[in-house]
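These come from TrEMBL:
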{"type": "DOMAIN", "residues": "45-168", "note": "domain 'NTR'"}
{"type": "DISULFID", "residues": "49-143", "note": "disulfide bond"}
{"type": "DISULFID", "residues": "59-168", "note": "disulfide bond"}
{"type": "DISULFID", "residues": "175-180", "note": "disulfide bond"}
């Protein structure tokens, strides 16, 4: 459907207006999403987001939901360029939410700088969306976790369902390869910034056992670690032919 509107919108944002009959977390919520953006051949503004582990994003968010994209409607400016996309969304599952979520108006705003946004969301795809609650509204942004659920690893899916909570009292800290383990705090899971980066990001889950925080090495995490070690060993032992 093609719809025309004026040019009074200046800041790109995504607004999700949820229509609900019951505030219970166990009921499905139908939402309308609006993505607005200025697309006038201007350069996209650079967005710098703090790099965070998926579990860290989960723990630091006021809400974490699974939402499916049901339908969309492109809104065009009177001059003919696309200005917004309206999405119909169904929130299928609430992974995390407190009392503020039940009291919220269920209006979600995803904001970004001019010319940039979360990208066009695909039809019939379920997304994990994290965010914060302020003034009874749900807020998220391009720096939050907005990712297709089918692209998540098994560890990330398990983390959303029941494991991420167990490490939310822990802090997450980057350390360079070979410099980890130098913190005095027992309340931190160090995330190695090196060849093991993807292993921690995709398969690592931070736990707290009552005394200290630590990474629980799942089977997939150990496989990732072994693959990196074997690949590095193969590269190191590889004989480079003499070009002469």
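Note: Cβ is positioned from N, Cα and C throughout, glycine not excepted.
What you are looking at is a predicted structure, and each value in this text was computed from that prediction instead of being measured.
Here the C-alpha separation of residue 49 (disulfide bond) and residue 59 (disulfide bond) works out to 17 Å. Counting every protein chain shown, the number of other Cβ atoms lying within 10 Å of the Cβ of residue 180 (disulfide bond) is 16. In sequence order, 58, 59 make up the list of same-chain residues 6 or more apart from residue 168 (disulfide bond) whose Cβ falls under 8 Å from its Cβ. For the disulfide-bonded residues 49, 59, 143, 175, the greatest number of Cβ atoms within 10 Å around a candidate Cβ is found at 59. Between the C-alpha atoms of residue 143 (disulfide bond) and residue 180 (disulfide bond), the distance comes to 26 Å.
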